[in-house]
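Among the features that TrEMBL reports, domain 'Mechanosensitive ion channel transmembrane helices 2/3' is placed at 523-560. The annotation domain 'Mechanosensitive ion channel MscS' is assigned in TrEMBL to 562-626. According to TrEMBL, the domain 'Mechanosensitive ion channel MscS C-terminal' annotation covers 633-719. Per TrEMBL, the feature transmembrane segment maps to 143-166, 187-212, 218-243, 264-288, 294-315, 336-357, 369-389, 436-453, 465-487, 520-539, 545-574.
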Amino acid sequence: MSARPGRGRSRSGIGWLASLLLAGFLSLALAGSAAAKGSPPPPPPPDLDSVLSAFPDGMTDAQLDAVLGVMNDKTLRDGLRKRLVAEMAARQAAASPEGEHILKIYAERLRALPAAYAALPSTLDAAFSRDGTISGFDGAARWIGGIALILAVGAAGMLAVRALLAPVRRRIREQARGGTRIAVGALVLRLMLDLVEIAAFLAASALTYAIVDPTHPAAPQVLMILLRAIAAVLVVSKLTLFFCDPENPGMRLLTVDDAAARALHRIVLTTTLLVVGVTAISRILMALKLDDESIIALALPLSLLPFAYLAGLAWRNRSAVAERARHWLSVGSGRHMLIDAWPVLLTVYLAILWLVIADGILRVQQGTAPRALASLLLMLSVPLLAWLIHRPLAQFYGVAVLTTGGAAPAGDEIPNQAPVIPDSSAFKQVQRLMRAVWFVLIVGAIVLTSRIWGFDPDQLGIGTYVFSILFDIGVVLLLGYVGWALIARSIDRAMENAKAGGVSTKAQRLATLLPLLRKFLQVSLGLMVAMIVLASLGVEIGPLLAGAGVVGIAIGLGAQQTIADILAGIFFLLEDSFRIGDYVEVGNLRGDVESISLRSMKLRHQRGAVHTLPFGQMKSLTNYTRDWALMRLEFRVAPDTDIGLIKKLVKKIGQELLDDPALGPGFIDPLKSQGIRNVEDGAMVIGIKYIAKPGTQFAIRRVAYEKLVNAFRENGIELVGRGVVVRVESGDQVPAEAIGAAAAQAIEKGGGHA
């Protein structure tokens, strides 16, 4: 019942449209006859778009044929029908569900592939002979030959420029003779020469094109596509040589061996050739204006080549890469399983990317392939950047990097040699930092990939806000941890280098100041990270800083002595009054400076006691180990001792001490006799002195005392102790009791010792 009115409306619509079209054609015919008689020209006829706009929606093929049947112009009728069928299909597709529409497109494209493959020869022949001059194989050969001639002349121009620049290249190679590493400036100069050669290739090709001037309408686009592809491959090849030249070990920016350099160069160049080649072929097919079915038939299998190569490369090198990853990260057995499964994960990722590219090819969407290739490059850059970061990081911590030896592996195999893993805190620190590096690189790659595919986190609502906060906090904490570790390692390394240079003023000063600097930097970094985390959580840190200032003032007023100690310590250190290891005297306390903190220092007495001295309470300080130390030795000998003999003995012992391998380097001025320094009752005081380096004077004094006493005893020189000497004239018979009484009386009067 409801169909008849619809059919009636359709007939009336068709009749109205047919009348409109007939009126249009009659007016065109009358205008043509009037023009033949010399009448003024009529207004232009309506174009095809205006005619299409008059057709109602929802017409079937039979209704279209009924309308077009009243039209006499065959060309207009065929073109109009093709346009109408396409527009009707587009409208029906828009009205159908998205998933059903996509599956329908897939089915239609795949069903058309056999016919497209069968028609490829004729399609390509028509594309190559579009200029209408020569068709068939001769036309294709002539057209391709012209492009090849242009590229050959460009290559000849590049070789000519290379010959002109050969002397400069020769001098650069001579610098790297014998594996000697050359300066980075020389490598940059060689890269600039390579870029000049590539520019010469492009210039010669463009000049040849202007002379040859191919007649094919697609020749400019095809030539531009080829030039871009060749230039991209050449640039990537030269950059690979810049970083890891496989033939010249001295001309590598990266510290890799020959095997790793060859493998890396081969893998990068092969991947670039496949990706650029497939992209160039697809663009050439579109430039030749092939139909969609022919482009799909050629581009779909070709797009699989780069992904198949990378998947095969991953499976061939799965053991080598897993071994290196385990040593880099030092993870547990559960994560070992995840590392061992990396080729499976990579294959799945590559398959997803290829399916995305295949979707773009089947739906004729030109923006899909570049996004997929960018995602692929991001994925490949993650392990490459991790490897590039690992080497300087391991060298910075003094950990041996992975090395290989022997001949280069066959094909694209990555060298596999398990390194000797040291069980040290430095190596474990490198592993922890490498985990952080991998985390940052993977998260960064995921974020960039989502941006490439148009993912907008702002559309997630509150989930986006929470995710953004957690992401910011995670990045800040991670960077803070990395900065903390690098600060600690930098200062530790500076202290190790200073100690390796021997005991010197610089080493002692660094050993004193660097621990304080490390604490200051790490505390400052911790405060900055805390402030940034609070700001990420939405906390206003301005009032916190103001409140912290008020609290700081209150604490400062209540801890004036502590602040005075800290400030006094800062000035003591700036004035370089003492260093760790110095032997100092503060008041009645003596000892070696064992450690220095913000407000105090610790003295280790020679008997083992530790004295803690706040800086604010140190009014004066005596340093016994600064620059040089003068030591004086005194001996009491009998008045009739031969002074000349003593000088000879002192000189002899001084030479022996200078020749001693342990004590000799500590002398600045050797052992010397000062003669008689004083004359006391019953004794002469002989002085001996020497000048030694700080810290060595006491060890020298012990040995000097021992040698001098032994030498005096062997040569009959009597050492006289302090006491009272009672002289008895020769011939007098004095009882021993009287002598003792006289000595006791003298001691009581003089307060001396017997």
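Positions of Cβ are set from backbone N, Cα and C atoms, glycine also.
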Ranking 143-166, 187-212, 264-288, 369-389, 436-453 by Cβ pairs under 8 Å to the transmembrane segment (465-487), which is first?
-> 436-453
Listed stretch, out of 143-166, 336-357, 369-389, that has the most CB pairs under 8 angstroms to the transmembrane segment (264-288) = 369-389
Count the CB pairs under 8 A between the transmembrane segment (336-357) and each of 143-166, 294-315, 369-389, 436-453, then give me the winner.
-> 294-315
Among 143-166, 294-315, 369-389, 436-453, the stretch with the most Cβ pairs under 8 Å to the transmembrane segment (218-243) is 143-166
Looking only at the domain 'Mechanosensitive ion channel MscS' (562-626), mean pLDDT returns 83
What residues in the same chain, six or more past the boundaries of the transmembrane segment (436-453), come closer than 8 Å to it by Cβ-Cβ distance?
-> 329, 371, 374-375, 378-379, 381-382, 385-386, 389-390, 393, 471, 475, 478, 481-482
In the domain 'Mechanosensitive ion channel MscS C-terminal' (633-719), how many residues does DSSP call helix, how many strand, and how many coil?
-> 38 helix, 30 strand, 19 coil
